Each structure stands twice: as C-alpha cells, then as structure tokens.
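The structure under discussion appears below in the form of structure tokens.
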Amino acid sequence: MTKASIARQLGNAIVAKNRNSGGWYGPHMAAASRAIQERIPLVDLVLEVRDARIPLSSEYEQLRNYSSTLKRIIVMNKMDLANRSQIKFLNFLQARVRELKRTEQHSSYTTTILLVGIPNVGKSALANSLHKIGRISAAEKGKLKNATVSPQPGETKDISSLKIGSHPNIYVLDTPGVLPPEILDADVCCKLALTGAIGNCLAGEKELSRYLLTILNLSDEYKKWAKLADPKNGIPVADHKAECSGNFEMDMKRKRQYPTDHTQDFIVNSVRKTLFETISSFDGNLDDERELARLVDAEISALQKVFQVPENVGVDAHDKVACKLLNLYRTGRLGHYTLDCIP
C-alpha cells in the first residue's frame, strides 16, 4: 500500500476508535482545556510549543478562537528529531518580554507566560530548561520545583508555575497537553500517533510501524546508513574498527551480555544497516502498493532477527518488533524526518 493509502486507513481507524471508545479527549483533557481557555486572556504572552517533525499538524487549535492581537510565540521543539533543513530556532524569549514592557509601559515587574501545546511536544521539558537557565538567585533555586516530565501523552494533569527569570520577573505556566475532541483529517491523525501525541492504544503499534517503514522506504534518509557496511564484506564499520584496534573480543563480550537491549549502539547500527541493505536490494516497484507492502514485510522479518525476537512467539513477534522500532524512531535513532510538507 502507498503511504497515502496507509495513512488514510490508519487515520480513519483512529478517528473511529476515538469516537467509539471515548479516545483521547477524556474528563482530564476537557477540564484542562477549560482551565487554559480561562487563563489565556490573563497572561502577558502565550508560548505555543509544536513538534518540529510536524510543525503544521501539531498546531494548538484552541488558539484559533483568539484574534490576531494575541501575543504569541511559536516554538519548534524536538528540533534534533526533525529534518534540519526545514526548521528554525526561536531563542529571543527574554528580549521579547522586555519589548512587551517597553511598548505597553507595564507598571509591574512580573510577566506571566502561558506554555501551551498538544500532548508530548515537550512542554514540561522546555519549562524545566527555561527554569534552569533563567536568572534565578541561589536563594530561590532551592524553593522552586521542576515540572513533571513523562514520555506518555497526557501525563501532565495540572497547571504549574515556574520562575524562569528575574529583572524582570518571568513566570511560565506549564499546562497539560490538549487535543481537539475530534480530528477528522486522517493524515494528521497518523502523524500525531507516530510522533506520540496520540497513544499507541488508539493506533496500534503494528500499524504504526508499517506506516513508519513506508515513510522510510520512500525517503532518502536510509541512504545515509550506507557507510555502516563495508562494501567488501558487509562488516559494520564500528565492529571493523574494533577488530583492527584489538578490542574485538571485548566488543563481542559486550554484545553477548546485552543481546536484546535494542537501545545499544551496536544494535541500532545493525538496525540501520539491515534496513539499508533490505531497501537497497529490493528489486520491486515502490510505486506499486503490493510491492511496497512486500518490502515492508521483508523489513519486519529482517528486524525480527536483529532484535532477537524468537520465532516461537508467533503473532506477538510483530508487536515486539513494532514496539522497539517505534521507540528508536521517537528517540531520533532512525534519522530525522519532517512529516509535514513545508511550503
């Protein structure tokens, strides 16, 4: 199946499951949405955090209800996971705050910034980073707590306040991630699910892994992994260097100790190498849905061996491969992708 058809089927399934099961928009998210809406008119600045991999699909739709006079800065987070040729960094927050003070002649020396965004775009991590680098006196550091950071979407339940600067005093309000009650665009649903904004339970890890492999197969990212294989004998470069330096036995011992830890560098390199070789040796037509599906099947089978998933686990084998593959993608170990089409 083509990328578009996979996205359409997967996205429609997510939309249907969200309607039938209550989905992502539960009581906590509804309450958080109302609380954020009440605070937006009361703050000096709104900091909208988006995922740099999906800068359009990760828009915080609730802000559409406000006029163009809303003072807002859009921050592209997770930039290290996106395609570096299509992103820009925003680093002028304190200067912008001082500009607000000058233009509006505030009598108060305190500025409040509301941090908003969809789930899992890294709002709490950003708040903590700003908190750490902010100009806060040593006496204050011991009293101020950090925001709770979780890899799971929707884990931030309450609005918390963190001081991130002095002279002027700047406070950031970290808020829970909020999605619209319903998202009808199937393609957007797929991108949100793949990047972790929508939980795996609604999309299915197997379906997401096939979508991910389809994206990889139709991109040029895998070509960067050609250097991992020696053109003469196929030995990964890292292992070849280890052998030449006399550390081969130590390296092999390390591999035997952690054979199923998919996050280790030698396994990640094996995954990259295997995907490169599988795609490069494929002689089918990637414009044909059946041929593309055949390539994805071959990749999953090859990755089952790399991840050392036993054959006897049966139907669960694909689930285990999918879980590990998605983890490597979401942590940036499988390259950098911008999934939205940037004009």
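Each Cβ is built from the backbone N, Cα and C atoms, and glycine gets one as well.
Features of the protein shown, as given by TrEMBL:
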{"type": "BINDING", "residues": "ASN77, LYS78, MET79, ASP80, GLY177", "note": "GTP binding site"}
{"type": "DOMAIN", "residues": "113-180", "note": "domain 'G'"}
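Here the features listed in TrEMBL are painted onto the structure.
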{"residue": "ASN77", "record": "GTP binding site", "Cβ within 10 Å": "21"}
{"residue": "LYS78", "record": "GTP binding site", "Cβ within 10 Å": "23"}
{"residue": "MET79", "record": "GTP binding site", "Cβ within 10 Å": "16"}
{"residue": "ASP80", "record": "GTP binding site", "Cβ within 10 Å": "11"}
{"residue": "GLY177", "record": "GTP binding site", "Cβ within 10 Å": "23"}
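Across ASN77, LYS78, MET79, ASP80, GLY177, which the record gives as binding GTP, the greatest C-alpha separation is 21 Å. Here the domain 'G' (113-180) has a mean pLDDT of 74 out of 100.
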